[in-house]
Amino acid sequence: MTTPEPQAAFKRVMLKISGEALMGDQGFGLHPPTVERVAREVQSVHALGVEICMVIGGGNIFRGLQGSAQGMERTTADYMGMLATVMNALAMQSALEGLGIHTRVISAITMNEVAEPYIRRRAVRHLEKKRVCIFAAGTGNPYFTTDTAATLRANEMSCEAIFKGTKVDGVYDKDPAKFADAKRYDTVTYDDVLAKRLGVMDASAIALARDNNLPIIVFSLDEPGGFRGILAGEGTYTRVQD
């Protein structure tokens, strides 16, 4: 007799991860074993029947702000960063489909040969069919981060929460890598995140989540089974919500 899957806490979620989460220890680019490990985390949540949206940053390949700081025109640098997110999305799509999970890459910048254009109703239909939707190219506009893009798409897709996968198991009052006495919050309000500059997401993303009462769950992507554990009512994390 097989053990039934636990009931998931959410029906539809947005998973936001940085591009750096896919580069492993190599310091740049994509590390295929790391991409596959993250894909398996997504697979374990997909098995619970959860509808999954994803947004992946592009910082492992190119950061628009860094390019701008080095003299490149900001708009051009941001577009380059958006293209980097498409590369990461395609890598994740390949890994997920290798695990048998139907996946769609949906780009805010039209590139029909490699990704679908963003059409909200079509994306919702993909989710209803249990396809993972990876939203790429940010919002399609410069000056907006992938955190803001993830929050925007999460609202448009009627996600019940954003899961922000990081290197630490929640939000701390100070950097736990530098301060042994750093304390983790179980819950924290949007306004406290902004006022204390806790670095969960950029201010625009936090404000957009707050204005739409969209919870943000901050957890460690490096913890095996952490994503699934939270959805099954376990694990360590911080919940950002009023």
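Positions of Cβ are set from backbone N, Cα and C atoms, glycine also.
According to Swiss-Prot, the features are:
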| type | residues | note |
| --- | --- | --- |
| BINDING | K16, I17, S18, G19, G59, R63, T166, Y172, D175 | ATP binding site |
| BINDING | G58, D78, T139, G140, N141, P142, Y143, F144, T145, T146 | UMP binding site |
| REGION | 24-29 | region 'Involved in allosteric activation by GTP' |
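Here the features listed in Swiss-Prot are painted onto the structure.
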residue : record           : DSSP class
K16     : ATP binding site : strand
G58     : UMP binding site : coil
T139    : UMP binding site : coil
T145    : UMP binding site : coil
T166    : ATP binding site : strand
D175    : ATP binding site : coil
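When Cβ neighbours within 10 Å are tallied across all protein chains shown, the highest count among the binding-site residues T139, N141 belongs to T139. Shown in sequence order, I56, G57, G59, N60, G165, T166 are the residues of the chain, 6+ apart in sequence, with a C-beta less than 8 angstroms from the C-beta of S18 (ATP binding site). Counting every protein chain shown, the Cβ of G58 (UMP binding site) has 26 other Cβ atoms within 10 Å. Within 10 Å of the C-beta of K16 (ATP binding site) we count 28 further C-beta atoms, all protein chains included.
A simple way to gauge crowding: the CB of D175 (ATP binding site) has 10 other CB atoms within 10 angstroms, across all the protein chains here. When the region 'Involved in allosteric activation by GTP' (24-29) is classified with DSSP, helix, strand and coil residues number 0 helix, 0 strand, 6 coil.
Of all residue pairs in G58, D78, T139, G140, N141, P142, Y143, F144, T145, T146, the annotated binders of UMP, the farthest apart have Cα atoms separated by 15 Å. Across the fold, the C-alpha of N141 (UMP binding site) and the C-alpha of K16 (ATP binding site) stand 18 Å from each other. Taken together, the residues in the region 'Involved in allosteric activation by GTP' (24-29) have a mean pLDDT of 88 on the 0 to 100 scale.
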